[in-house]
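In TrEMBL this protein carries:
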type: REGION; residues: 1-23; note: region 'Disordered'
type: BINDING; residues: CYS82, CYS87, HIS190, HIS195; note: Zn(2+) binding site
Amino acid sequence: GNAFPLLSGSRSSKTFKPKKNIPEGSHQYELLKHAEATLGSGNLRQAVMLPDGEDLNEWIAVNTVDFFNQINMLYGTITEFCTEGSCPVMSAGPRYEYHWADGTNIKKPIKCSAPKYIDYLMTWVQDQLDDETLFPSKIGGCSCVPWDGPSWLSHALIPACPCLPGVPFPKNFMSVAKTILKRLFRVYAHIYHQHFDSVMRLQEEAHLNTSFKHFIFFVQEFSLIDRRELAPLHELIEKLGSKDR
């Protein structure tokens, strides 16, 4: 079975932002299914590894979309507790405070409440994921026939196929993906530091812990977030890692 009941049947069918769907029948959809199947094995260190013969950018893209959807759902469960009043600044414990800037609309970092910051952050991530030049949905592939292995491969070898070579990932993809993941980490950090009591009351801690462990193992596997950025949850990360050794 799947390691994530992904909050099904709980109050959190309410997401914070609309879910980002990967088109069914696409190669990315197959990759997502592969990721879900390997997660079910329970070995997260193995589950995050790049599958044989797959493209690293595409693997990171698919998982980034998945993490956005998970965090979207997890934060959706506690939005009523994360208010201008309860969280006037975006923090992760007393030592870490985040100010928002996206480099385009808001160039100079602004101090704002956690709900405002997370709204800015998730909207910004959504805009990146929806940008076909950054996160192409048709990658070096063919959409003429469903992606199902042999028939897709033989069709894709036809020189006249209009879908090839598809849209490649841009040169700056990895740096954008790293920024997305660095920012998504801050939502986990805020939830753990400021709202863990609410998470426990809602009996969502197993979902949060499994999701975060998957996220951390993934970013560690491909060195996607600087260690300093992970400092607010350093002890938890150590604990999750040592349980797995």
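Note that Cβ sites are derived from N, Cα and C of the backbone, with glycine treated the same way.
Overlay of TrEMBL feature records on the structure.
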| residue | record | Cβ neighbours (10 Å) |
| --- | --- | --- |
| CYS82 | Zn(2+) binding site | 22 |
| CYS87 | Zn(2+) binding site | 19 |
| HIS190 | Zn(2+) binding site | 26 |
| HIS195 | Zn(2+) binding site | 23 |
Cβ-based neighbourhood (8 Å from the centroid) of the Zn(2+) site, residues CYS82, CYS87, HIS190, HIS195 excluded: ILE78, PHE81, SER86, ALA114, PRO115, ILE118, ILE191, GLN194
